[in-house]
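Novice: The structure's right below; bear with me while I get my questions together.
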């Protein structure tokens, strides 16, 4: 089968992954309204292409936190890649390194941060972090990723509790015995109590997390801190006031609060609020190069893909993730040219038909 677009990989993954695994990756919270709207929102946005602009050469390169990447698409943090492909996050890391873009490794990886760093030693990596009731767990992982050359900490702030994902409950989803949350291997063996939730003991996440914990994290590490999970201008302003280096506009792929807005709909107000003081990224619903173009035009510095990377893994491991990224790169380059943009700097809000927003 010739894989032409990301939905081809989605269809393959749906057919070849177990039902419980597919349901886990596909899940949204409650009625999945927000998950679905993340995709539908792009279809409501119309472009205003410019013509006769000499697009014989166009350049997709951009930078994030001062590091040049080949195009403004990276890999979002998603859990348990070994469920989709036996090499898991190692394959994802190598694919991202090959395409010269950014990989945000998940706390809930089925390979350790040491293994990920060794698999792609030249790769540009950030690390996604949760804060736990036992702060020593968070502190230990921060020390490890800093020593391994990860370039930023991505603090996920929209999970004081895990959203209700109905199919995971119906399927009684658990990691199979041969897989572990490798970053915490051996750390919970003495704990007894509530059953596990997504590979670690339930009630490990700290619902008391607040802005003071951002200050704590800054005292712990010199790495740039990026806040993932902001959807309002008010919280964007607070993030800037607390000295973070970046914001990822994210609703956790629609897996947390159902009924919230699509991320692309939140992007303009957050970009306007921060006024260039920090970089703004986003994830959620990116399926085509056209989607990437719209997000960059509305002010995102870079976008990140979650589920499509999993589909690529399910298809052909590292090669599948490379194909996913290459398709998005080629579609983005084509859409840039057809819109009259020769480089990423020329992509701005003039490209968007604002009356339709």
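Heads up, the Cβ atoms here are built off N, Cα and C, so glycines get one too.
Just so you know, TrEMBL annotations are computer predictions that nobody has curated.
Pulled these from TrEMBL:
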type: DOMAIN; residues: 1-357; note: domain 'FMN hydroxy acid dehydrogenase'
type: BINDING; residues: 24, 165, 252, 255; note: glyoxylate binding site
type: BINDING; residues: 77-79, 106, 128, 130, 156, 228, 250, 283-287, 306-307; note: FMN binding site
type: ACT_SITE; residues: 252; note: active site, proton acceptor
Novice: Using C-alpha positions only, work out which of the binding-site residues 24, 165, 252, 255 is nearest to residue 284 (FMN binding site).
Specialist: 252
Novice: Should any of the binding-site residues 24, 165, 255 have a Cα within 10 Å of the Cα of residue 306 (FMN binding site), which are they?
Specialist: none
Novice: Quick one: of the binding-site residues 165, 252, 255, which has its CA closest to the CA of residue 128 (FMN binding site)?
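Specialist: Minimum Cα distance from residue 128 (FMN binding site) across 165, 252, 255 lands on 252.
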Novice: Cβ within 8 Å of the glyoxylate site's Cβ centroid: which residues qualify beyond 24, 165, 252, 255?
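Specialist: The answer, listed by sequence position, is 27, 28, 29, 162, 163, 168, 253, 254, 256.
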Novice: Using Cα coordinates, what distance in whole Å links residue 165 (glyoxylate binding site) and residue 79 (FMN binding site)?
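Specialist: The Cα atom of residue 165 (glyoxylate binding site) is 15 Å away from the Cα atom of residue 79 (FMN binding site).
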Novice: Whole-number Å only: compute the distance from the Cα of residue 255 (glyoxylate binding site) to the Cα of residue 77 (FMN binding site).
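Specialist: Roughly 13 Å, rounded to the nearest whole number.
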Novice: For the C-alpha pair, I'd like the distance in angstrom between residue 250 (FMN binding site) and residue 24 (glyoxylate binding site), rounded off.
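Specialist: Per the Cα atoms, residue 250 (FMN binding site) and residue 24 (glyoxylate binding site) stand 19 Å apart.
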Novice: Inside 10 Å of the Cβ of residue 252 (glyoxylate binding site), count up the other Cβ atoms and send me the figure.
Specialist: 24
Novice: Across the whole of the domain 'FMN hydroxy acid dehydrogenase' (1-357), what does the mean pLDDT come to? Round it, please.
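Specialist: Mean pLDDT for the domain 'FMN hydroxy acid dehydrogenase' (1-357): 95.
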Novice: Fewest other C-beta atoms within 10 angstroms of its own C-beta: which of the binding-site residues 284, 306 fits that?
Specialist: 306
